[in-house]
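K.L.:
One structure is given below, represented as structure tokens, and several questions about it will come after.
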Amino acid sequence: MRILAIESSCDETAAAVIEDGRKMLSNVVDTQIATHALYGGVVPEIASRRHMEAVVRVTEQALADAEMDKHEVDAVAATCAPGLIGALLVGANFGKSLAFAMNKPFIPVHHIRGHIAATYLAYPELKPPFLTLIASGGHSEIVMVKDYTEFEILGGTRDDAAGEAFDKVARVLGVGYPGGPKIDALAQNGDPKRYKLPDSRIKDAPLDFSFSGLKTAVINLAHNAEQKGETLDREGLAASFCTAVVHTLVPRLEEAVHQTHARNVVCAGGVAANSFLRAALCDMAKRTHTRLFLPPLKLCGDNAAMIGAQAYYEYLAGNLGHTLQNAYPTADIGRNICDPA
Ligand code: ATP
Ligand code: MG
Ligand code: FE
């Protein structure tokens with residue numbers, strides 16, 4: 001089964017053709033980063049408009065790269081939640097209209113389920129159940145993937161997402177948007193022990209975490225240095241920050257491995273591209289005798305290939321969209337986002 005998938009939940013307009021949930025026939029990503037960088041973050045209105053300008057071109061490119069006519073696809077999928085509502089509505093309505101105009105099934109896909117499914121494209125042998133750490137721009141959670149469309153949230157952030165913390169710290173250090181890749185690069189030559197940063201624990205909730213204290217500590221360090229006229233060791237601070245994020249995430253994931261006796265562990269979302277996190281997860285896998293599955297770097301951030309991968313399993317589960325299908329800015333990963341006919 002070949003699915004044309006569309007993703008427009010944030011600042012990437014993307015389309016892909018995926019065969020049977022596992023094989024990538026094409027994957028086109030049109031990023032708006034340069035536009036939003038001017039404002040230091042994503043401007044929702046601009047994002048929606050740019051999606052409208054790009055969605056037809058990106059979809060045609062994905063079909064061309066797969067050497068297919070649109071009538072040869074078996075179904076159309078689009079991200080319908082969660083994300084910026086104006087941005088989601090562009091891809092969701094475009095995908096829905098295209099599907100119904102061609103008399104094909106329409107498959108609404110949950111964006112975070114998609115991030116997890118990116119891993120299926122790289123590892124044909126990976127099957128649920130497995131434990132997942134989601135670390136993205138808007139989400140940080142530990143999730144048990146019981147089946148392809150069945151999820152249990154075991155823990156998560158009480159405040160900021162990991163990616164959000166990276167982006168805010170990057171702004172304070174003046175390295176630009178999006179912050180994650182820039183902080184990661186800056187940290188490569190830094191001393192991770194240069195600055196002592198807090199490691200927050202949530203009382204009686206060993207699988208939950210918090211990033212706001214860490215973020216505030218970095219902001220205070222930067223402001224104090226500025227007021228005193230001291231120069232900040234930016235490389236050292238970036239390395240110390242990456243290490244603190246790792247110390248926040250990995251011990252909780254390791255605790256979840258022990259609690260669930262998981263054998264297979266996945267890490268997904270934009271922050272899964274972080275070099276410090278990837279290295280620490282490899283160490284954790286050795287310590288816990290688990291097998292680690294990490295999406296390739298280019299599938300960690302937003303793309304439509306991951307949406308097409310998850311769409312296949314949603315289709316098999318009968319999760320189809322109808323003409324009244326809506327988009328939703330927030331939705332738990334466990335929620336079925338398909339609206340009734
Ligand atoms: P969500 O998926 O939660 O809806 P999103 O789609 O905006 O949010 P993603 O595309 O999954 O988020 O990931 C983008 C985030 O990943 C940004 O916050 C970015 O800074 C972060 N990121 C990307 N590369 C790295 C890296 N190498 N190190 C740390 N963070 C990174
Ligand atoms: Mg993005
Ligand atoms: Fe995302």
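Glycine residues also receive a Cβ, built from the backbone N, Cα and C atoms like all the rest.
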K.L.:
Starting from the Fe cation binding annotation in TrEMBL that includes H111, H115, which of D233, D283, D302 is the extra site residue?
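P.N.:
Within the candidate list, TrEMBL flags D302.
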K.L.:
Looking at TrEMBL, which one out of N27, N274, N303 binds substrate in the same site as I134, A135, S136, G137, G138, D167, G180, D184?
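P.N.:
Matched candidate out of N27, N274, N303, per TrEMBL for substrate with I134, A135, S136, G137, G138, D167, G180, D184: N274.
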K.L.:
Can you list which of these binding-site residues (H111, S136, G138, G180, D302) have a Cβ closer than 6 Å to ligand 2?
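P.N.:
Among H111, S136, G138, G180, D302, near ligand 2: D302.
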K.L.:
Using CB under 6 Å from any atom of ligand 3, narrow the binding-site residues I134, G180, N274 to the ones that qualify.
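P.N.:
Cβ under 6 Å from ligand 3: none.
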K.L.:
Cβ within 8 Å of the Fe cation site's Cβ centroid: which residues qualify beyond H111, H115, D302?
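P.N.:
Surrounding the site, in chain order, are E7, S9, C10, T79, I112, G114, S136, G269, G301, N303, M306, I307.
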K.L.:
What average pLDDT does the predicted model assign to the domain 'Gcp-like' (24-308)?
P.N.:
97
